[in-house]
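Quick notes on the structure that follows.
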Amino acid sequence: MTDSVELEPAAAAQLFGDRLPIARTFTANLASQGEERGLIGPLELPRLWSRHILNSAIVAPLLRPGVVGDVGSGAGLPGLVLAIARPDVSFVLIEPMDRRVIWLNEQVAELGLLNVDIVRARAEDAKLAKPLDQVTARAVSAFRKLLPLTAPLLRDGGELVLMKGAAAQAEIDGAAKEISKFKVRGAEVIVLGEGVLDEVTRVIRATVR
């Protein structure tokens with residue numbers, strides 16, 4: 001059912017530009033199939049744009065041209081959304097669950113996304129052609145638990161761009177041991193979307209070297 005889906009916010013045009021029609025198609029697909037396929041819960045439909053699509057898209061300016069890995073891509077949040085917003089960046093979506101991989105492949109084909117590869121694997125088991133320039137993740141684990149999964153995927157000098165909640169700084173403070181072990185430098189919380197989104201997005205950005 002899509003009758004309870006949130007109307008498209010005005011900020012969508014600002015964040016997606018001429019890629020907005022592709023974002024609309026993906027959002028419509030997620031609204032019509034996401035609950036049935038176990039990708040999103042029914043309570044997410046009234047906030048699908050603001051809480052999920054735009055919440056992911058606001059991160060796009062932090063990405064650099066290169067190869068970005070998205071760990072635990074699930075429904076495609078943020079990986080597919082970022083791939084729509086940033087066609088100049090190559091993405092590797094890492095997802096272990098077969099039904100989600102099927103969904104991701106379907107969306108990549110339908111949306112015509114030429115900048116996306118999908119790897120069916122747990123992050124710690126992923127076999128990649130080369131180290132990544134950046135790694136994203138959303139709603140996966142606490143920062144200290146994410147570091148062993150994400151930091152080893154990066155090249156020297158690569159960057160973590162991890163979407164987090166209001167406790168982002170506390171997560172950094174609680175990860176001192178892992179930060180040292182995985183040679184993480186300059187971990188900081190960046191707040192995105194003020195004055196643009198109804199709810200801001202918080203990102204932990206850090207360099208691994």
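Using N, Cα and C of the backbone, Cβ positions are placed for all residues, glycine too.
Features of the protein shown, as given by Swiss-Prot:
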- GLY72, LEU77, ALA123, GLU124, ARG138: S-adenosyl-L-methionine binding site (BINDING)
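All features noted in Swiss-Prot, drawn onto the structure.
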residue: GLY72; record: S-adenosyl-L-methionine binding site; Cβ contacts under 8 Å, 6 or more apart: ILE94, GLU95, ALA123, ALA137, ARG138, ALA139, VAL140
residue: LEU77; record: S-adenosyl-L-methionine binding site; Cβ contacts under 8 Å, 6 or more apart: HIS52, ILE53, SER56, ARG138, ALA139
residue: GLU124; record: S-adenosyl-L-methionine binding site; Cβ contacts under 8 Å, 6 or more apart: PRO148, LEU149, PRO152
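Its own atom aside, the Cβ of ALA123 (S-adenosyl-L-methionine binding site) has 22 Cβ atoms within 10 angstroms in the protein chains shown.
Its Cβ taken as reference, ARG138 (S-adenosyl-L-methionine binding site) is surrounded by 23 other Cβ atoms within 10 Å in the chains shown.
Among GLY72, LEU77, ALA123, GLU124, ARG138, the residues given in the record as binding S-adenosyl-L-methionine, the maximal Cα to Cα distance rounds to 19 Å. Under the DSSP three-state reduction, ALA123 (S-adenosyl-L-methionine binding site) is assigned to helix. In the three-state DSSP scheme, GLY72 (S-adenosyl-L-methionine binding site) falls into the coil class.
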